[in-house]
2 protein chains.
Amino acid sequence: MAGSSVKPTPLLKDELDIVIPTIRNLDFLEMWRPFFEQYHLIIVQDGDPSKIIKVPDGFDYELYNRNDINRILGPKASCISFKDSACRCFGYMVSKKKYIYTIDDDCFVAKNPSGELINALEQHIKNLLSPSTPFFFNTLYDPYREGADFVRGYPFSLREGAPTAVSHGLWLNIPDYDAPTQLVKPRERNTRYVDAVLTVPKGTLFPMCGMNLGFNRELIGPAMYFGLMGDGQPIGRYDDMWAGWCMKVICDHMGWGVKTGLPYIWHSKASNPFVNLKKEYKGIYWQEDLIPFFQSAVLPKECVTVQQCYIELAKQVKEKLGKVDPYFIKLADAMVTWIEAWDELNSSGEKSSKSTSK
Amino acid sequence: MAGSSVKPTPLLKDELDIVIPTIRNLDFLEMWRPFFEQYHLIIVQDGDPSKIIKVPDGFDYELYNRNDINRILGPKASCISFKDSACRCFGYMVSKKKYIYTIDDDCFVAKNPSGELINALEQHIKNLLSPSTPFFFNTLYDPYREGADFVRGYPFSLREGAPTAVSHGLWLNIPDYDAPTQLVKPRERNTRYVDAVLTVPKGTLFPMCGMNLGFNRELIGPAMYFGLMGDGQPIGRYDDMWAGWCMKVICDHMGWGVKTGLPYIWHSKASNPFVNLKKEYKGIYWQEDLIPFFQSAVLPKECVTVQQCYIELAKQVKEKLGKVDPYFIKLADAMVTWIEAWDELNSSGEKSSKSTSK
């Protein structure tokens with residue numbers, strides 16, 4: 001192959017969509033060109049649908065704006081958030097691929113400590129294609145990685161691991177802090193490259209950030225609902241958190257794994273902490289009730305599909321979190337609508353129409 | 001202070017003992033001199049008590065051989081293993097300090113990726129003096145470390161953390177593999193320096209290795225019993241695992257944290273895999289029962305001290321693991337003896353006598 005100009009086929013080329021929520025021209029894709037160009041992009045345009053989003057030449061994409069979402073989902077479009085990056089989950093719904101990678105448009109290619117550009121997507125794919133270890137902790141981190149293995153004392157019956165549903169990547173430069181922490185530590189930057197991937201153990205919740213996230217859509221897609229955020233809602237910036245907590249409870253029930261760690265992307269710009277505080281402040285006190293709720297949530301054995309699990313969770317949200325705030329009753333209803341819409345779009349072999357294609 | 005020849009007082013100088021189990025002269029201490037010399041060492045001599053163990057000049061130490069252990073504990077000495085590094089836990093018992101650091105005599109000073117020698121003890125002390133986060137996972141690892149914090153979505157009520165009971169350090173070069181893995185991968189070396197400390201979440205078990213281990217003796221000391229191993233026992237190389245599983249169940253019950261990750265030491269030499277296989281093989285199949293046992297072990301609310309927890313755990317070991325093998329009945333009795341001996345040595349203000357002191 002030496003001297004050949006044939007590009008190697010990228011991993012999972014025909015099995016993975018990249019989902020990008022945005023309100024602006026996607027110039028950030030230029031830096032990702034060598035890594036993303038051979039994949040298909042699903043762009044979910046947030047905000048004013050009359051605005052034209054420019055996508056750099058050479059990318060294969062479909063783009064949905066609010067009008068498309070309303071047309072495709074009809075009344076069920078109410079479950080998709082507006083003026084919030086939570087709208088990205090519409091892209092998960094219309095994809096027909098096995099895997100999804102989603103990334104924010106203010107994220108750039110990071111460098112590893114040797115100065116090499118990090119192919120984040122490739123690392124996510126590695127994470128998703130190798131098993132997880134949710135039932136017992138391996139002190140040398142990912143035992144399936146080259147040069148590593150299970151350590152002494154790790155039960156042999158658990159060494160086959162579990163299917164991996166989610167790969168949660170991290171961020172160099174601007175860390176994913178909440179508004180109070182942003183306000184207190186405006187200059188803090190994440191400069192530490194931790195060369196590890198690890199499985200979040202069964203029974204443990206974590207804060208899932210949607211900035212740099214891969215998942216197996218065939219396994220866990222219907223649980224990746226990013227909730228009701230933004231326009232007309234009392235809360236923002238909890239879309240990915242909500243999805244992460246629901247998803248984790250369901251993965252634990254189904255016996256699937258969730259990884260966090262590598263790959264890093266370069267998060268270029270901190271969002272405005274004052275704006276964030278306004279979006280977050282209800283979430284900051286609600287989460288004190290949400291975490292105990294999700295920590296103690298139990299799904300009955302009868303729930304054997306993600307859809308069944310999710311509908312059951314919606315029921316429990318309504319019953320138990322409805323007392324915290326009426327917002328959660330509305331959210332629980334939207335969770336049910338989301339599953340109905342998911343099944344509608346995903347039961348037939350038909351591909352939903354789109355406004356722009358290349 | 002520039003130009004001063006006064007050495008800075010090492011952290012916790014009067015509050016920490018270093019415990020070393022050994023069968024040979026402690027030449028390895030030469031490399032540790034700059035880091036250990038100002039601390040007190042407790043050396044537990046394993047095997048033939050007539051053999052003289054040489055300790056390099058300048059170290060402050062006490063040394064116990066089998067005769068000392070028998071003399072100090074009387075009939076209760078039966079709970080301390082012979083011809084196995086499990087004997088090290090005798091050192092935890094006779095110490096009167098708040099913290100313990102224990103290290104194997106084939107472990108040397110490792111270097112970080114910048115080529116600097118790693119002060120492992122200093123990192124353990126940092127780990128032990130800062131809180132843990134067992135109740136929720138922080139994706140940027142230790143939130144108390146400089147340059148890090150809790151990420152968005154981490155409940156504020158949990159940000160004070162929990163007291164840290166144990167700091168489990170790792171190993172570069174020879175990884176801590178079981179005999180089958182050693183046999184299959186004789187050339188594997190751990191070369192990956194993962195720059196992270198993380199809390200093993202509540203409810204999650206892990207394989208605790210005794211090679212490079214710090215703990216708060218005042219908090220968790222009575223649970224750090226390394227079991228019956230070696231001479232006259234059907235098993236070896238599960239001493240630290242046993243302690244780790246018992247300790248973790250008790251820390252989870254008490255609301256304390258256990259950290260793993262940094263610091264690394266340089267593990268110089270793999271032990272003989274054939275000898276290890278002989279020691280381990282019963283453990284390898286027993287652990288398939290042990291892990292579910294410890295994963296489902298529940299301690300009643302009435303257990304409010306580590307001693308009470310440990311006695312209760314011994315009872316459950318006898319009841320439930322006694323069916324797996326009669327060895328566990330003997331082990332459960334030894335667990336009770338250990339607590340009796342611990343309380344005997346630790347209730348009065350008297351310091352137990354020793355054979356050698358410097």
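Backbone N, Cα and C define each Cβ position, glycine as well.
Note that the structure is predicted; figures quoted are calculated from it, not measured.
As recorded in TrEMBL, the features of this protein are as follows:
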type	residues	note
SITE	A:Arg152	site 'Required for activity'
CARBOHYD	A:Arg152	N-linked glycosylation site
SITE	A:Arg159	site 'Required for activity'
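Of the listed recorded sites A:Arg152, A:Arg159, the Cβ environment within 10 Å is emptiest of other Cβ atoms at A:Arg159. When the Cα atoms are compared, A:Arg159 (site 'Required for activity') and A:Arg152 (site 'Required for activity') turn out to be 12 Å apart. DSSP gives A:Arg159 (site 'Required for activity') a coil state; it is part of no helix or strand.
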